[in-house]
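Below: one structure, written as structure tokens.
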Amino acid sequence: MGLEKSLFLFSLLVLVLGWVQPSLGGESRESSADKFKRQHMDTEGPSKSSPTYCNQMMKRQGMTKGSCKPVNTFVHEPLEDVQAICSQGQVTCKNGRNNCHKSSSTLRITDCRLKGSSKYPNCDYTTTDSQKHIIIACDGNPYVPVHFDASV
């Protein structure tokens with residue numbers, strides 16, 4: 001009887017661990033392309049210039065968890081238009097790699113910069129709207145944006 005009980009408990013343990021174990025790993029790792037979309041794409045953009053846009057978006061998009069991301073740019077154009085930049089003029093990235101591309105036209109963007117007096121967890125940003133060319137790094141198959149390099 002003791003062996004049957006042990007076998008039953010062991011089987012139950014294996015079953016429970018089979019359910020619990022996948023959740024122990026946490027969320028699946030975010031791809032570089034998905035991270036680019038989360039951190040830089042806001043196709044709607046602010047309905048009108050708002051000084052609190054960056055504070056709201058940086059928090060909503062998870063860039064103030066654990067620390068305040070010092071600088072970020074949001075692009076207010078359709079994702080397809082930004083992805084198309086990957087087939088436009090190739091330029092050298094800031095890090096020296098050759099997988100960056102410059103947009104052939106200017107795009108609507110918002111630059112967010114952490115204010116000097118701001119300290120985590122109270123991340124406070126300046127919001128600057130503009131129209132500029134952007135430089136993005138592209139990678140993968142399909143060849144898609146994975147890093148925002150600069151705006152010019």
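Each Cβ is built from the backbone N, Cα and C atoms, and glycine gets one as well.
Annotated features in Swiss-Prot:
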type: SIGNAL; residues: 1-25; note: signal peptide
type: REGION; residues: 25-52; note: region 'Disordered'
type: COMPBIAS; residues: 27-45; note: compositional bias 'Basic and acidic residues'
type: ACT_SITE; residues: HIS40; note: active site, proton acceptor
type: DISULFID; residues: CYS54-CYS112; note: disulfide bond
type: DISULFID; residues: CYS68-CYS123; note: disulfide bond
type: DISULFID; residues: CYS86-CYS138; note: disulfide bond
type: DISULFID; residues: CYS93-CYS100; note: disulfide bond
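Structural mapping of features recorded in Swiss-Prot.
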{"residue": "HIS40", "record": "active site, proton acceptor", "contacts (Cβ under 8 Å, 6+ apart)": "ASN72, THR73, PHE74, VAL75, PRO145, PHE148"}
{"residue": "CYS54", "record": "disulfide bond", "contacts (Cβ under 8 Å, 6+ apart)": "ASN72, THR110, CYS112, ARG113, TYR125, THR126, THR127"}
{"residue": "CYS68", "record": "disulfide bond", "contacts (Cβ under 8 Å, 6+ apart)": "MET58, LEU114, SER118, LYS119, TYR120, CYS123"}
{"residue": "CYS86", "record": "disulfide bond", "contacts (Cβ under 8 Å, 6+ apart)": "HIS101, ILE136, CYS138, TYR143, VAL144, PRO145"}
{"residue": "CYS93", "record": "disulfide bond", "contacts (Cβ under 8 Å, 6+ apart)": "ASN99, CYS100, ILE135, ALA137, HIS147, ASP149"}
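Its own atom aside, the Cβ of CYS112 (disulfide bond) has 21 Cβ atoms within 10 angstroms in the protein chains shown. Mapped onto DSSP helix, strand and coil, the region 'Disordered' (25-52) counts 9 helix, 1 strand, 18 coil.
There are 21 other CB atoms within 10 A of the CB of CYS100 (disulfide bond), with all protein chains counted.
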